[in-house]
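Undergrad: Taken from Swiss-Prot, the feature topological domain 'Extracellular' applies to 1-34, 99-110, 174-200, 285-294, supported by a curator's inference. The annotation topological domain 'Cytoplasmic' is assigned in Swiss-Prot to 60-71, 133-152, 226-262, 317-455 on the grounds of a curator's inference. The S-palmitoyl cysteine annotation in Swiss-Prot covers Cys337, Cys338 and rests on similarity to another entry. Among the features that Swiss-Prot reports, compositional bias 'Low complexity' is placed at 378-387. Annotated region '6 X 5 AA repeats of G-Y-P-P-Q' per Swiss-Prot: 395-431, in sequence order. Feature annotation from Swiss-Prot assigns repeat '1-2' to 400-404. Annotation source Swiss-Prot lists repeat '2-1' at 412-416. Per Swiss-Prot, repeat '3-1' is recorded for 422-426.
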Amino acid sequence: MVESTTLVNQTWWYNPTVDIHPHWAKFDPIPDAVYYSVGIFIGVVGIIGILGNGVVIYLFSKTKSLQTPANMFIINLAMSDLSFSAINGFPLKTISAFMKKWIFGKVACQLYGLLGGIFGFMSINTMAMISIDRYNVIGRPMAASKKMSHRRAFLMIIFVWMWSIVWSVGPVFNWGAYVPEGILTSCSFDYLSTDPSTRSFILCMYFCGFMLPIIIIAFCYFNIVMSVSNHEKEMAAMAKRLNAKELRKAQAGASAEMKLAKISMVIITQFMLSWSPYAIIALLAQFGPAEWVTPYAAELPVLFAKASAIHNPIVYSVSHPKFREAIQTTFPWLLTCCQFDEKECEDANDAEEEVVASERGGESRDAAQMKEMMAMMQKMQAQQAAYQPPPPPQGYPPQGYPPQGAYPPPQGYPPQGYPPQGYPPQGYPPQGAPPQVEAPQGAPPQGVDNQAYQA
C-alpha cells in the first residue's frame with residue numbers, strides 16, 4: 001500500500017488520527033456547503049432507512065401470511081439494510097460531514113469500513129439467494145428436491161453471512177486496508193493503492209463479492225423468463241380441460257409467483273444501479289487514470305450506495321399486495337394517500353394458497369395440475385405408440401379395382417392431333433387498332449347524353 005502522508009499541519013484533507021491516502025491532497029478544499037449538504041442527505045436517508053426497514057422486519061415477522069421460507073431472505077435483507085443505515089449512514093457519517101472530517105479515529109474507521117463491507121456484501125448475496133429461490137419456484141416448480149423450507153432458507157442465510165465476512169475481513173489481517181475516501185467523512189476499502197497486496201484484494205473482492213452474485217442473478221432471471229414463456233403455453237393447454245374457476249385459480253397462482261419475481265427483479269435492479277458506480281470507481285482507481293477519481297467523483301457513488309437501503313421498503317409498499325395489507329392493518333396511517341386495487345387484492349387472495357404452498361415446500365394446485373396434465377399426455381402418447389390399426393377386411397378392396405385403363409386416364413388421351421395443327425390461324429387476331437365504325441345517323445355525338453340529345 002502507498003504510504004500515507006506524514007504532514008504535521010492539519011488541513012481539510014489531513015486528520016492526524018487516521019491514515020489519509022496522499023491522492024486526496026491533489027485537489028482543492030471542499031466547500032462547506034458540500035459538507036452540510038452531504039450531512040443532511042445522509043441524515044435523512046439514514047433515518048428513513050432505519051424506520052422503513054424496521055417496519056419491514058416487524059411486519060414480515062408478525063404477519064402469518066408473510067412468514068414463508070422465501071420471506072426469510074427479505075427479513076435478512078431488511079436487517080442488513082437497517083444495520084447499514086444505522087452504522088454506515090446516520091449518525092457517524094452525518095456527524096463527520098458537519099465536522100468536515102472523520103473525527104472518530106483509526107479504529108472506528110476500520111470498524112466502520114468492515115461493517116459496511118459485510119452489510120453491502122450481505123445485501124447482494126441475499127439477493128442472489130432470492131433469485132435462486134424464485135428460479136426454483138417458477139423455473140422448476142416440479143423439482144421436489146429443490147423446494148424451499150425454513151431449514152434450507154436458514155442454512156442459505158448462514159452461508160450468506162459467512163461469505164460476506166470472508167470478503168470483508170481481509171484488511172483486518174493487512175490484506176488491503178480501510179481508509180477515508182471521497183470528501184473524507186467516511187471509510188471504505190483502499191481502492192487507490194496499487195501495490196500487489198491491495199490490488200489482489202480489490203480484484204478478489206470485486207469478482208467474488210460483486211460479480212459472482214450478479215452472474216447468479218442474471219442466470220436465474222434469464223431462466224425465469226424462459227420458463228414463463230413455456231408456462232404460458234402449458235396454461236393454454238390446461239384451459240381446454242379446466243372449468244373457469246379452476247383456470248382462474250391456476251392463472252392467479254402463476255400471476256402471484258410472477259409478481260414476486262418482478263418485485264425481486266426491481267429490488268435487484270435498483271441495488272445494482274446504486275452500487276455499480278462505486279464498483280466502477282474502484283476499478284477506475286486501480287486500472288484507469290487516477291486523476292479522474294476526484295473527491296466529488298468518489299463521494300457521489302458513496303451517496304448512491306448508502307441510499308440503496310431505503311429503496312426496498314418503498315418497493316414493498318408499492319408492489320407487494322400482502323405487505324400493503326399488513327401495513328393497512330397495523331399502520332393504516334402510512335397508506336392514507338394510497339388506494340388498493342380490489343381486483344389485485346382478490347387475485348392475491350386466490351393465489352395465496354398457491355404461493356404459500358410452493359414456498360413452504362408443499363405442492364401447489366398449479367403444479368399438481370401441471371403434473372396431472374403431463375401424466376395424461378404421457379399416457380396418450382403411450383397409447384398411441386402401442387396402438388396398431390386393425391387389418392382391412394378380407395376382399396377389400398375388391399380385385400380389379402380401380403379398373404385398368406379407366407383410372408388413371410387411358411392411354412391415348414387426349415387423342416393425337418388435338419388441337420389440330422394451324423389452329424388458331426396465323427394472323428389472328430389481326431395486328432393494328434380495331435377499325436373505327438361510324439355512328440349511325442341520329443346518334444348523339446360522343447360525350448352527349450342520349451336523352452338530352454333527343455330532347
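The backbone N, Cα and C atoms fix where each Cβ goes, glycine too.
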Undergrad: Report, as numbers and ranges, which residues of the same chain sit near the topological domain 'Extracellular' (285-294): CB under 8 Å and 6 or more residues beyond its ends.
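TA: 23, 26-27, 191-192, 194, 199, 202-203.
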Undergrad: What mean pLDDT does the predicted model reach across the topological domain 'Extracellular' (1-34)?
TA: 69
Undergrad: Give the nonlocal contacts of the topological domain 'Extracellular' (174-200) in its own chain as ranges (CB under 8 Å, at least six residues past its ends).
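TA: Apart from its flanks, the topological domain 'Extracellular' (174-200) reaches 1-2, 4, 12-13, 15, 18-21, 23-24, 30, 34-35, 38-39, 88, 92-93, 96-97, 99-102, 109-110, 112-114, 116-117, 281-282, 285-286, 290, 293, 295-296, 298-299, 302.
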Undergrad: Tally the residues of the repeat '3-1' (422-426) by DSSP class, grouping H, G and I as helix, E and B as strand, and everything else as coil.
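TA: Taking the repeat '3-1' (422-426) as a whole: 0 helix, 0 strand, 5 coil.
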Undergrad: Residue list, the topological domain 'Extracellular' (99-110) vs rest of chain: Cβ under 8 Å, 6 or more residues beyond ends.
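TA: Sequence-distant neighbours of the topological domain 'Extracellular' (99-110): 12, 15, 17-19, 30, 32, 35, 92, 171-172, 178-180, 184-187.
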Undergrad: DSSP on the topological domain 'Extracellular' (174-200): how many residues come out helix, how many strand, how many coil?
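TA: Helix/strand/coil tally for the topological domain 'Extracellular' (174-200): 5 helix, 8 strand, 14 coil.
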